[in-house]
Protein chains: 2
Amino acid sequence: ASQQKSVATLLGDCDAFLFDCDGTLYHAGEVIPHVAEAIGHLRSLGKAVFFVTNTSSRSREQLQAKLQALGVPCEAEECVPSGVFTASYLRQAHPSAVRLYVVGGGGLVDELQKEGFICTGGPAEDDEKFTEEGFKSLADAVGEEMFDGVVVGWDTALTYRKVAKSALVFQRHPEAFFYATNDDAADRVGGWMLPGNGPLLGAIEAACAACAPERRDREPPFGAKAVVLGKPNPAYARKIAEWHRVDLRRAVMVGDRLDTDIAMGQQAGMRSLLVLT
Amino acid sequence: ASQQKSVATLLGDCDAFLFDCDGTLYHAGEVIPHVAEAIGHLRSLGKAVFFVTNTSSRSREQLQAKLQALGVPCEAEECVPSGVFTASYLRQAHPSAVRLYVVGGGGLVDELQKEGFICTGGPAEDDEKFTEEGFKSLADAVGEEMFDGVVVGWDTALTYRKVAKSALVFQRHPEAFFYATNDDAADRVGGWMLPGNGPLLGAIEAACAACAPERRDREPPFGAKAVVLGKPNPAYARKIAEWHRVDLRRAVMVGDRLDTDIAMGQQAGMRSLLVLT
């Protein structure tokens with residue numbers, strides 16, 4: 001009874017629900033039971049719902065397609081993977097930036113291109129191999145192009161070549177900015193843990209510090225450590241609130257992780273709901 | 001004159017010279033001037049010479065071939081890349097270990113096989129791609145085999161899949177040991193810096209800590225950080241001294257790096273010669 005009352009209070013006090021996706025709505029490719037009904041119920045009460053995931057390899061439309069395939073009807077506007085926030089943030093913070101080197105999936109490249117950035121890297125380089133003999137010509141090629149920055153998202157096609165090319169961008173373009181969509185350490189998939197973007201980003205940060213040592217003492221985003229834009233960064237929730245005129249004091253962050261979901265909810269002044277899936 | 005006198009003293013007091021290779025004997029694929037003559041002069045005086053490099057991607061014979069191609073005649077016995085020391089150390093420290101997962105080049109796999117280890121990983125997996133759908137079957141496959149440990153050397157064909165598979169070995173075989181041939185941060189190649197094994201190892205260590213968190217509090221080599229066997233580890237120089245009956249008090253470490261070459265020389269009780277190439 002007391003649980004029902006607190007649910008009723010939450011529903012009465014709140015207008016918007018931000019849902020984490022991996023581990024909260026689905027798990028190892030399967031939708032978690034009653035998710036579709038719960039979201040349908042919120043919609044029937046007139047609540048706004050948003051889908052907020054640090055996984056940046058899917059674009060807005062790709063996340064929408066994934067949710068719909070799992071039986072969760074949704075609009076593209078409601079889907080805000082961290083790549084969407086990253087692209088919007090970069091456009092605002094660096095209005096004249098043109099060209100980026102991207103380590104990440106196709107969805108991240110798509111979102112950055114929608115904001116007018118010219119991107120190299122991403123899936124176009126998934127099959128390129130590194131050779132020591134080719135390193136000098138790679139360095140020349142990186143020096144001939146302009147690069148305004150490097151953006152790193154989870155990349156299951158990460159290669160040594162991408163790490164080396166990131167290090168070359170920082171060497172040859174010392175003013176290049178450095179951002180990451182997130183730094184999640186790992187995700188649970190089918191009972192086992194899969195390394196997340198954090199370990200990969202760490203390799204690129206260490207390569208930057210070693211190969212462009214003058215950056216070590218610089219302030220982010222021009223130093224050797226990336227600025228991390230996804231959860232738990234409260235600016236991510238604030239951007240969604242701004243776009244959709246949501247009052248975050250009347251919004252709930254629903255997620256399965258204390259360090260990203262609940263931390264962002266608290267820092268953004270939202271209520272939080274931890275699901276133990 | 002004083003320089004000539006100190007060289008004469010050094011030659012009189014010392015019987016053996018350990019040479020770093022990259023940056024000391026050659027640089028970006030080209031031999032440094034007078035290297036062949038200097039080594040020939042040492043040999044004519046009856047001094048022992050050894051070639052000691054943290055680059056573990058070449059076997060003993062591959063390093064010999066590289067030096068000979070650059071005009072430096074040498075025996076295979078004199079060539080001791082860090083993979084040779086790593087293989088010998090592992091055989092001694094873990095006499096009953098059988099199967100290893102190796103991130104690294106073919107030369108490292110060769111040296112480990114010479115010590116009787118059965119190796120998976122290495123170049124055989126350079127072209128294998130990671131898919132999220134395949135993660136569960138990869139986890140099953142890793143669980144079905146026995147793995148005694150993971151060994152990480154510089155791998156210019158590193159992929160996300162290798163990082164993920166390392167993390168699975170640590171999850172599924174909690175008692176697996178964890179070693180690295182070296183943790184050099186970067187190497188200078190043709191005027192630009194190339195990320196070394198350190199940044200790559202850092203990604204695998206972070207993945208281990210995130211995916212097999214129970215290892216975080218364990219002592220090496222059973223924790224989340226690898227035991228690093230190459231320079232500056234003085235055991236590397238001591239092993240060469242043991243094999244060739246060298247008195248390290250009468251030996252000189254010649255190298256271009258303070259943090260690896262000279263540090264090992266000092267810790268092993270050798271004299272050191274820093275070359276500024």
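Backbone N, Cα and C atoms are what each Cβ position is placed from, and that goes for glycine too.
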Further Mg(2+) ligand in TrEMBL, beside B:D20, B:D22, within candidate set B:D247, B:D256
B:D256
Neighbour count first, Cβ atoms within 10 Å, every protein chain included; then name which of B:D20, B:D22, B:D256 tops the list of binding-site residues.
B:D20
At a 10 Å cut-off from the C-beta of B:K231 (substrate binding site), count the other C-beta atoms across all protein chains.
30
To the nearest Å, how far is the Cα of B:D20 (Mg(2+) binding site) from the Cα of B:K231 (substrate binding site)?
10
Do me a favour and check the Cα-Cα span between B:D256 (Mg(2+) binding site) and B:K231 (substrate binding site); whole Å is fine.
12
